[in-house]
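Right, one structure below, let's go through it.
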Number of protein chains: 2
Amino acid sequence: MSLGEFELIDRLLKPLARGFPGALDLTDDAALVEVPDGLELVVAKDAIVAGVHFLEEDPPELVAGKLLRVNLSDLAAMGADPLGYLTVLARSRDIDDTWLKRFAAGLMADQKRFGCHLLGGDTVSTPGPLVLSLTILGTVPKGRALLRRGARPGDDVWVSGTLGDAALGLRVLRGLAVPEDEAITLVDRYRTPRPRLELGRHLRGLATAAIDVSDGLVADLGHILETSGVGAILDASLVPLSPVAAGIPGAREAALTGGDDYEILFTAPADRRAEVEALRAGLDHRLTRIGTIRIGQGLEVEDGAGNRLVVDRGGWRHF
Amino acid sequence: MSLGEFELIDRLLKPLARGFPGALDLTDDAALVEVPDGLELVVAKDAIVAGVHFLEEDPPELVAGKLLRVNLSDLAAMGADPLGYLTVLARSRDIDDTWLKRFAAGLMADQKRFGCHLLGGDTVSTPGPLVLSLTILGTVPKGRALLRRGARPGDDVWVSGTLGDAALGLRVLRGLAVPEDEAITLVDRYRTPRPRLELGRHLRGLATAAIDVSDGLVADLGHILETSGVGAILDASLVPLSPVAAGIPGAREAALTGGDDYEILFTAPADRRAEVEALRAGLDHRLTRIGTIRIGQGLEVEDGAGNRLVVDRGGWRHF
């Protein structure tokens, strides 16, 4: 037995739209969004596929949370405030009503937490695996969005929170043996990103470039460097590890090249270092200075003793 | 050989974003959209799945066109002007570079025709069939969007163009034998919807409710009736058929219950009939009055001689 599309919409999705008049109770094919004067809209769209980005046996609440949170993280990296989202569910045959109810419950919990509503979307059937796509809408004061293209030579390179935990969490899911409480911590970091929305807001007008760490620190810093037309030097010994990660072999490589941490990597002028440091007091996560932007191109990674490291997807070694 | 995600973005997608500064050349994870004062944003999202909504062997240009046009039709039904779109491509293994190039070429042709740009999106891999999702953004003067909820007793019911052609086109693809030039016309109507954007603009402030005919006339009029809390009487003999469709047995049933025509079905006050009729001169398609909204609920269909018809998904018969 499976809910038809209309029942699905009525029972599971309409409650997610309540409280946002422009969602029109999901009765219409499109939603209306007012963007107040002085703000501009920020829009991003991501998709995840069962068997590729998550497993169909993963808890549906967490799949919903991850789908919403990776998109919220895109908003955080732009310094934007969440407004609403649209979803596409391409349902595979294995997805039953219980799965859908738990998925909707996951969306409800997180949309309350982060202050946004469902605005619309589509549900279709597929003979293949479940495909989930989400479009997120947010707003940012006009001209104040954080972009990747503004890093300048001399800027400090900063990162929020700790890195490598999510990649280690994925390794735990794949069989890496660690004590149970550590396993729970790491898997939670992999499954439940923390979009750094508050940090993003504070960085408006302060950061010169920003990105969220989804592909890995080295790759994502590379995106900033390429788009900004600059190089950087990074001190690997400064890259922040959580206490749990620090005790696991391979943690520093995971922090440099592992993905899925969804921390904010940003650059800011060196003469505004005190302002960035002052932000720490109001946040529940660290802010760590890990490198410097310089003229040129490419990323050089040092080990803290001045030795150059070569970093690639396979890990790192002394040069 | 297949293009990696970054090459795909560089070669095929970036050209689609050129000319829209807020797309940021697709370098960032999100796009920026300015919504001018006095306008509000209209946003919709639809998905299509290979083997369900189209065939992987269909011409990729036409798949791209249909994906974009069904979303543009949602904007037309709201009276909105297109602004931009985001796509998700969940690529199956069978989708090669040639397919993607032709798909991108189809998007380019239609975005030029309809005046919008690619703003962003995501490409992922799937072990299942190709899943395509598109989010469309448009704008409408504040408070002037056409909704489903405004139909009032006494309003006329109107429809644009002709109905049933797309459903007959699908039957042709499934083996219905008709002369070749007729087959081409009908299949084209199935594969290439004509979003009625200009009509939508003219209906702002004139239509009381509107919807695009995607599920079929009876079903979509039902959506307006349910959302507006009214009933209607429809004269089946007035439902407009194309010359080609008119010669094919079953055309009138197709016009009443077949989907995919993407014409605009709307209601307007009877005392503004002359204004609706005056619109015809400037449009390249018909506008036909086919019924009347009345107090109550449900849809009654008559055959033109005053006999009541019963219409359901299986067709229609005299009551």
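Cβ atoms here come from the backbone N, Cα and C positions, even for glycine.
Helix, strand and coil counts under DSSP for the domain 'PurM-like N-terminal' (B:28-140) come to 37 helix, 46 strand, 30 coil. Under the heading domain 'PurM-like N-terminal', TrEMBL lists B:28-140.
Feature annotation from TrEMBL assigns Mg(2+) 4 binding site to B:Asp29, B:Asp74.
Among the features that TrEMBL reports, Mg(2+) 3 binding site is placed at B:Asp29, B:Asp74, B:Asp212.
What TrEMBL records for B:Asp46, B:Asp74 is Mg(2+) 2 binding site.
If you look up TrEMBL, you'll see B:Asp46, B:Asp122 marked as Mg(2+) 1 binding site. Residue density at B:Asp46 (Mg(2+) 2 binding site): 24 other Cβ atoms are found within 10 A of its Cβ, drawing on all protein chains shown.
Under the heading substrate binding site, TrEMBL lists B:His53, B:Asp260, B:Trp316. Its Cβ placed at the centre, B:His53 (substrate binding site) has 20 other Cβ atoms within 10 Å.
Non-local contacts of B:Arg148 (ATP binding site) by the CB criterion (under 8 A, 6+ apart in sequence, same chain) comprise B:Ala209, B:Ala210, B:Ile211, B:His223, B:Ile224, B:Thr227, B:Ser228. The ATP binding site annotation in TrEMBL covers B:Gly121, B:Asp122, B:Arg148, B:Ser214.
Marked as domain 'PurM-like C-terminal' by TrEMBL: B:152-301.
Per TrEMBL, the feature Mg(2+) 5 binding site maps to B:Asp215. The Cβ neighbour count for B:Asp215 (Mg(2+) 5 binding site), using a 10 Å radius over every protein chain in view, is 16.
Those binding-site residues from B:Asp74, B:Asp215, B:Asp260 lying by chain A, with Cβ under 8 Å from one of its Cβ atoms, are B:Asp74. Listed in sequence order, the binding-site residues near B:Gly121 (ATP binding site) (C-alpha within 10 Å of its C-alpha) are B:Asp29, out of B:Asp29, B:His53, B:Asp74, B:Asp212. Cα of B:Asp122 (Mg(2+) 1 binding site) to Cα of B:Asp74 (Mg(2+) 4 binding site): a distance of 22 Å. Under 8 Å, Cβ to Cβ, and six or more positions away along its own chain, B:Asp212 (Mg(2+) 3 binding site) finds B:Ser73, B:Asp74, B:Ala76, B:Ala77, B:Pro195, B:Arg196, B:Asp220, B:Tyr262, B:Glu263, B:Ile264, B:Leu265. The candidate set comprises the binding-site residues B:Asp29, B:Asp122, B:Asp260. Of these, B:Asp29 has the most other Cβ atoms within 10 Å. For B:Asp215 (Mg(2+) 5 binding site), the binding-site residues whose C-alpha atoms fall inside a 10 Å radius of its own C-alpha are B:Asp260, out of B:Asp29, B:Asp46, B:His53, B:Asp260.
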